[in-house]
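Per TrEMBL, these features apply:
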| type | residues | note |
| --- | --- | --- |
| TRANSMEM | A:6-29 | transmembrane segment |
| TRANSMEM | A:41-64 | transmembrane segment |
| TRANSMEM | A:70-88 | transmembrane segment |
| TRANSMEM | A:116-135 | transmembrane segment |
| TRANSMEM | A:161-178 | transmembrane segment |
| TRANSMEM | A:190-217 | transmembrane segment |
| TRANSMEM | A:242-260 | transmembrane segment |
| TRANSMEM | A:280-303 | transmembrane segment |
| TRANSMEM | A:323-347 | transmembrane segment |
| TRANSMEM | A:380-397 | transmembrane segment |
| TRANSMEM | A:403-430 | transmembrane segment |
| TRANSMEM | A:437-458 | transmembrane segment |
| DOMAIN | A:673-887 | domain 'Histidine kinase' |
Amino acid sequence: MTSLNVLVAVCLCYVVLLFGVAFAADRWASTSRSTWLRSPLVYTLSLSIYCTAWTFYGAVGYAARSGLEFVTIYLGPTLVMIGWWWGLRKLVRVGRSQRVTSVADLISSRYGKSNTLAVCVTILAVIGVTPYISLQLQSITLSFNIFAEADPGESYVEQSSAFWVAAGLAVFAILFGTRNLDTNERHHGVVIAIAIEAVVKLIALLAVGIFVVWGIAGGAVDTLARIDASAIGQWQVNHGRWATITFLAAAAFLCLPRMFQVMVVENDDERHLRTAAWAFPLYLFLMSLFVVPIAVVGLEILPEGSNPDLFVLTIPLGQGQEMLAMLSFLGGFSSATSMVIVAAMALSTMVSNHIVMPIWLSAKGGGASVSGDVRSVVMYARRVSIAVVLGLGYFYYRMSGGGAALASIGLIAFAGIAQILPAMVGGLFWRGATRTGALVGLTVGFVLWLFTLLLPGMGPEVLAPSVLEQGLFGLSWLRPQALFGIEGLDPMVHSVMWSMSLNAAAFCIVSLLSFPSPLERLQGAQFVNVFEHSAGPRGWTGSVAQSEDLMIMSQRIMGAREAQEFFQAEAAAQGSRAFLPEPTPVFLERLERELAGSVGAATAHAMIGQIVGGSSVSVEDLLAVADESAQLLEYSSRLEAKSAELGRTARKLRDANEKLTQISLQKDAFLSQISHELRTPMTSIRAFSEILRDTDGLERVDITRYAAIIHDEALRLTRLLDDLLDLSVLENGQVTLNLGQGMLADILDRAASTVLTGTPKPLRIRRNSGSEQVVLQTDLDRLTQVFINLISNAQKYCDAADPTLTVSVHDVGGRVVVDLLDNGSGVPADAQKMIFEKFARVGADKAGGAGLGLAICREIMQRLGGDITYLPGQGGGAFRVSLPLGLEIAAQ
Amino acid sequence: MTGGRERDPAQMQPPPVFLERQSYRRRRLMDAARLLPILGAALFAVPLLWPNAGEGGVRMSVAITYVFGVWAALILISAGFGIAARMVQPGDQAEAERKP
């Protein structure tokens, strides 16, 4: 018989071994970058803290009582793991990118770093997990009991053993959970220890199972036959419970603080999930494979009335397998200790970060920069929290008397913790989820769970039987297990259905109705779109932040060396050689994340807020930012307008320049032309006058002919000089207008006859005499001159075989418009701009004009208050003369 | 302000409509992996259709075989996905993460 002393000694040795491994792993993790500490296998095994003593021992009892229903506890997590691509991957990514330290921190961080929410989740977690911890204590004590009963020589006190177990676990958790205040909140030592315990409990359960199936039952086939013949030989489950517990287990798997700790916080590499996706379900599969055989064989061979929860221990003991019993005991011990340690660590993180630290900070008032060592405060808070949590567990165990009431607490705890699920899932996938919504949903779910499940489950001392039967305040629709008159449901199904549905409904409705704060919206976008952008929101405006204060504070939280390294790296990243970086928003944001790894998002936010002067994102800030950008927009649009204007001006200048260049060229051309023009008549005048002077005996006829030539050439010169003079006078505005009244038709008649009289080249002029009956008050001679010019141009330049000029007259907006359109090829496009300029001539070789005609016409028309333009695209040369009807002569 | 902010040129390019064969396979593999838990939930719900103990009840051994069989199948398929994913995308994590 194994004596109790031997058992205790084995336990202690086992614990010492774990200590050693954990210590070595911590040392190893800090010195080398060994990869096996961070391997997917270790990650998978660490997830096995899901299997607590409740599942190690309790699953068999559960199976003995309710058949296959126990398996739902494992099916939920299996589905979650297999479906990691849906949600788990995102959860882990968010947890890593936001440096989330606990499930409360996740919720708080998502909903605008709200500490209220964090406190709520923490309280919920403490209430939900404490009974669970006492359940582990109970299981260890019970297993001690079994050995004590078998060893009557020892005096054994159950209560004190529970106390010592609790104390020992607290010491272990404190030693390894709070040894270092890592910014990543990872505990390699603890994780390795848990992985070893996971292997131990798996081997233990498998060993017992193999012993039962092949050692007692006589093989797999015989075992199945025995199962069919047993009391649980037929498929019988409560359908509601089957579905509900599967769901609950899945939800709890995600929301339990200890699961969150190992799954998200301790996760080193997202890719480990890929392995865990099949390896963890395999672990669960193996853990539950022999549960039913053990239960059936236990029911068969053990005496009536023995506790099925302890079949795993009592079967080997009953068969005299001391070593197997010892192994089995160690398996149960491992399950209990690993769960308690991680749960206590996770809870202590939550309590210290979300309850102790905020209180301490507000009590200090002056700010983290001037107070004592925050680091040690956090450490003490954690250590005390672990002790308190375990103390609570112990007292709950004492209070409940360790009876059967405790056994059902596992599922009740699951249902309580699952209340976090709507806020968590909503926060990860729905940007519209708000803080208020999460708060209301959590509260509704928590209250309903308390009222419908936890309190009724605690026995008549807590909730009077009258309330259970007649409802709260005697209202029958407020009966805890038949809410709103729905009776006949399993209490668990009833409670989960009401609490989860109303929780989710309240969460959604209030989220839809409320409006999130700016920080909430920023965080929401970060969480929901974590795969799109991992950059943080610009939460801080660091203008008033003091780098030195920040440094002092960070040293106290992160440790002097780490903080200095971090600050120096940041300064280097900013490209400065100084030791302290500028408090840019980017830096502040990174610092906040670093700090959040140690003390949680809400606290880190508050601490930086104290130093930076509370200049976190407020509506005012956002408005200011919006204002600023609006100003920038306005400024930029003004700039754009200016630049467009500049562009226009530049274009005009370019045009002008081009024109000037052309004019200059033309002037040069004209000068040579005019010299030529002047020179030709001069040459003939000189030649003929010399002939007249020097030649004797000229015929009379010849003299007359030569004199006529001289006269003609002199006239041509005069005309040229007249034109030049005319233009110069017109341009200088020195012209005197000789105003008179006349019909447009008469003017056109005069002009046409002047041009066409005695010309060899015929030009047909088509006119509409009806429309030409317009009385004009203008300088008639000048106007005639314009028309003469235009008509003679047409006559000279129209290159059609049968030149025709169409004159049409319109009245456009009180002005007379005369269009003169010929059927020639018109003015080439590149010349159109220039034809009204002085000296401009289209095709210099064509005719003998000096290029002044149209320039004079334009000057005249402008003097007369009208205008002359070229009409492009009319199928020929087309000029439009417009002039006022009345006396609107341009001012002189 | 329009266009004033600097952007990653890679970001500016619209994602291609047609993927390479390998990327296409990878995405369909992810689709399958996503469907697996739904399949699992459906299969685990099948026992709810069985009659409870009594006349024509299902024997426990059958129930155990079914539940554990489905469970093992899910684990195998899931492991298969893990291996297949590793073979289809050697080291190419970024692409897989960007968009399913």
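Positions of Cβ are set from backbone N, Cα and C atoms, glycine also.
Predicted automatically and left uncurated, TrEMBL annotations should be read as such.
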Return the stretch with the most CB pairs under 8 A relative to the transmembrane segment (A:70-88), choosing among A:190-217, A:323-347, A:403-430, A:437-458. A:403-430
Listed stretches A:161-178, A:280-303, A:323-347 vs the transmembrane segment (A:190-217), most Cβ pairs under 8 Å: range A:323-347
Sequence-distant residues near the transmembrane segment (A:161-178) by C-beta distance (under 8 Å, 6 or more away from its ends) are 15, 18-19, 22-23, 26, 137-138, 140-141, 144, 187, 189-190, 193, 337, 340-341, 344-345, 348, 379, 382-383, 386-387, 390-391, 393-394, 397-398, 402
Output the single range from A:6-29, A:41-64, A:437-458 maximising the number of Cβ pairs under 8 Å to the transmembrane segment (A:403-430). A:437-458
Beyond the flanks of the transmembrane segment (A:41-64) by at least 6 residues, Cβ under 8 Å: 70, 73-74, 77, 132, 135-136, 139-140, 142-143, 191-192, 194-195, 198-199, 201-202, 204-205, 232, 253, 256, 258-259, 262-263, 266-269, 272, 275-276, 279-280, 283-284, 287-288, 291-292, 294-296, 298-299, 307-313, 331-332, 335-336, 338-339, 342, 407, 410
Interface check, the transmembrane segment (A:437-458) with the transmembrane segment (A:116-135), three or more C-beta pairs under 8 A: yes
Quick test of the contact rule: Cβ under 8 Å, at least six residues beyond the ends. What residues does that give for the transmembrane segment (A:116-135)? 52-54, 103-105, 107-108, 256-258, 339-340, 343-344, 346-347, 350-351, 353-355, 389-390, 392-394, 396-397, 400, 406-407, 409-410, 412-413, 416-417, 419-420, 423, 435, 438-439, 442-443, 446, 454, 600, 602
Over the span of the domain 'Histidine kinase' (A:673-887), how high is the average pLDDT in this prediction? 81
